[in-house]
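Visitor: Before I ask anything, let me first share the structure, which is written out below as structure tokens.
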Amino acid sequence: MTGFLRVFLVLSATLSGSWVTLTATAGLSSVAEHEDALLRHLFQGYQKWVRPVLNSSDIIKVYFGLKISQLVDVDEKNQLMTTNVWLKQEWTDQKLRWNPEEYGGINSIKVPSESLWLPDIVLFENADGRFEGSLMTKAIVKSSGTVSWTPPASYKSSCTMDVTFFPFDRQNCSMKFGSWTYDGTMVDLILINENVDRKDFFDNGEWEILNAKGMKGNRREGFYSYPFVTYSFVLRRLPLFYTLFLIIPCLGLSFLTVLVFYLPSDEGEKLSLSTSVLVSLTVFLLVIEEIIPSSSKVIPLIGEYLLFIMIFVTLSIIVTVFVINVHHRSSSTYHPMAPWVKRLFLQRLPRWLCMKDPMDRFSFPDGKESDTAVRGKVSGKRKQTPASDGERVLVAFLEKASESIRYISRHVKKEHFISQVVQDWKFVAQVLDRIFLWLFLIASVLGSILIFIPALKMWIHRFH
């Protein structure tokens, strides 16, 4: 009896499971059949090329919104902005209505967008020729006739770049959407939300979106008005990369130019250093030329700074050549030192610049008076007493010795004079180096401040 009961329970459970499975399968089959019947009913005689309205005077209201997922690139050279977006579009199709009770309670269906009438909304500022730019995904059709279609799209839109304050610049790029063929009497655009949806936005490493808003407008052509929606993206560049690898090296090069005047003029590296700095600046200019657009309307901030430094370095080379020329002057090169140069560069300016003349200046006695006196005494003695032959020989020897001493004295004085002139010109060159060191240092600091401070103030102000 117990065994029979067990067999009965097992058979009952098996039959119950089979009944549930058959019921579920029948339910699914019923839903599929209802959906198939609904699609045949909706698209029987449906013409996607005709506006789905009851009356020809009716206007289809398209609710339009934009969701940005990624700011792919901002190309200043070609003045392009590349974005990945979702286009939110919703309208009512009067030909796609049904009673859910007649089709198993189906309230919505997914339909390929190629089979539906579409408002042919395109991006007007397209730069790559793909005006539609979107993927033909499926649309959701509700029983009330409401069609919701949110295709993803990748756009390259034209954007006029203002690189005046590069790399502390801010750009305002816009995306203008509208129907390509329908005017305002057929299709009207209505903004879902004036703000661009950025919930799923993937941050860009170079640019930051400060603001992104949409605004509706109308473009008139004769008697017709064409509605459109313009989304404005306010972008701010993150300047850390360019500050570290462009601006700071340029600042370093400008201060290297100042250090040229700290090198001794005896060294031959003064001109080599200046020339190397000039070549480095030329390389930086080539790098910037590859980044910014080729425009004659504005000069970018970093371009102004590099131009300033190049003029700065060129002047330093000219001044260095002049200082080296002064350093190697002497009386033998027919450059005697004028009295005013001695007073200014050997007496006054060294005191003001806290410089000390390393030369120990001393003067030799003239010796002309002593020579005349000696000659007079010798002649007097010869007149007073008649000299013997031995005395005459001794006097002649002494006169020759005196002449030799005078020659040596004149030679020593001449060498001392030449050495003193050479050292004086070298000291004048040192004074000039010190003067130009301070002048170029002040000019470098003030020039950097005057060029960059306004841009930094603007960038910080916009940040706050």
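Note: Cβ is positioned from N, Cα and C throughout, glycine not excepted.
Reproduced below are the annotations present in Swiss-Prot:
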DISULFID  Cys159-Cys173  disulfide bond
CARBOHYD  Asn55  N-linked glycosylation site
CARBOHYD  Asn172  N-linked glycosylation site
SIGNAL    1-30  signal peptide
TOPO_DOM  31-238  topological domain 'Extracellular'
TOPO_DOM  327-434  topological domain 'Cytoplasmic'
TRANSMEM  239-263  transmembrane segment
TRANSMEM  271-288  transmembrane segment
TRANSMEM  305-326  transmembrane segment
TRANSMEM  435-453  transmembrane segment
Visitor: With CB pairs under 8 Å as the measure, which of the listed stretches 239-263, 271-288, 305-326 comes out on top against the transmembrane segment (435-453)?
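Guide: Most Cβ pairs under 8 Å with the transmembrane segment (435-453) come from 239-263.
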Visitor: Which sequence-distant residues neighbour the transmembrane segment (239-263)? Criterion: at least 6 residues beyond either end, Cβ under 8 Å.
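Guide: That would be 166-168, 206, 269-270, 273-274, 277, 280-281, 284, 287-288, 302, 305-306, 309, 312-313, 316, 319-320, 323, 433-434, 436-437, 440-441, 444, 447-448, 452, 459.
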Visitor: When you scan the chain for residues with a C-beta under 8 Å from the transmembrane segment (305-326), skipping those not six or more beyond its ends, what do you find?
Guide: 247, 250, 253-254, 257, 260-261, 265, 270-271, 274-275, 277-278, 281-282, 284-285, 288, 299, 425, 428-429, 432-433, 436, 440, 443-444, 447-448, 451-452
Visitor: Averaging the per-residue pLDDT over the topological domain 'Cytoplasmic' (327-434), what integer do you get?
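Guide: Mean pLDDT across the topological domain 'Cytoplasmic' (327-434) comes out at 65.
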Visitor: Sequence gap of 6 or more, Cβ distance under 8 Å: name the residues on the same chain that satisfy this around Cys173 (disulfide bond), in order along the sequence.
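Guide: Counting only residues 6 or more apart in sequence, the Cβ neighbours of Cys173 (disulfide bond) under 8 Å are Val74, Met81, Ser157, Cys159, Ser232, Phe233, Leu235.
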Visitor: Taking DSSP as the reference, which of helix, strand or coil describes Asn55 (N-linked glycosylation site)?
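Guide: In three-state terms, Asn55 (N-linked glycosylation site) counts as coil.
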Visitor: For Asn172 (N-linked glycosylation site), which residues of its chain lie six or more apart in sequence with Cβ-Cβ distance below 8 Å?
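Guide: Those within reach of Asn172 (N-linked glycosylation site), by Cβ under 8 Å and sequence separation of 6 or more, are Ser232, Phe233, Val234, Leu235.
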Visitor: Any same-chain residues 6+ apart from Asn55 (N-linked glycosylation site) with CB under 8 Å of its CB? Would you list them in sequence order, or say none?
Guide: none
